[in-house]
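Working notes, beginning with the structure itself.
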């Protein structure tokens, strides 16, 4: 099976990709989106979001990375897709699933689900702009407020010439509510298409991954939030390994505080460590105590000292 690391805006950036791919066995990472409006973006934008482009589109541990674009205008999606692969990206991905109000308000992300023709035009333009040997993938949800258009959406992606399709098994309006996950709908789409379909949504452990694949028939999954809850989740999902022990999680957090974020204003680790601990609390009781300790700290040096001061040998 294949396990992909999902794009998560404001969460899974290059530093987190570096850490997670070092302790996992991901087959591919998708970047946070590059927002495309009405221009060919400068090289520095691509390098900021995907510094791995300067390392043959791989993380330091060797996992492939693909740039994701978000936009609605085919011409500019095409030009920026061409630039991404010229810079070394292993293919490109089109975001048609982001539920953010800000993104949707500007006509991107999940808004495209309302009109499958827009998905077709965008994906087709990207496919034509990218060399045939490189993949063009599309990430969608089942629809905007219902799944009525799920087949139209899927057909649009395939007819556009996309290499593969990632389906998040909920509509935009359903957000991330667990009770609405519909792996069967993903399976219905998989049976309809001739291109690979990757299942996404509510995959938290070995059991849920097996259940998702059994219901959907997919042999590839994409994981997002769960990758932060359990830092070695790809190995749990692929090989039924136990979750990472808490001392190893702390060691990972300590390494994180030592990494430098390019262009950091001093607030990067403050926000990200707290954010990561809030995810870890869902799986590790020890993370709650640590979160309570650092939540009142407001600068990177203090956060780093608090994390570094933990004696792993005593855990």
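Note that Cβ sites are derived from N, Cα and C of the backbone, with glycine treated the same way.
Same-site candidate for FMN binding, as annotated by Swiss-Prot with 7, 8, 9, 139, 200, 201, 202, 224, 225, chosen from 54, 68, 275: 68. Of all the recorded positions listed here (139, 295), the one with the fewest other CB atoms within 10 A of its own CB is 295. Listed recorded positions near residue 176 (site 'Interacts with tRNA'): 201 (candidates 95, 98, 201, 224, 274; Cα-Cα distance within 10 Å). The separation of residue 98 (active site, proton donor) from residue 7 (FMN binding site), Cα to Cα, is 10 Å.
The recorded sites examined here are 35, 272, 274; by Cβ neighbour count within 10 Å, the least packed of them is 274. In this record, FMN is bound by 7, 8, 9, 68, 139, 200, 201, 202, 224, 225; the longest C-alpha to C-alpha distance in that set is 22 Å.
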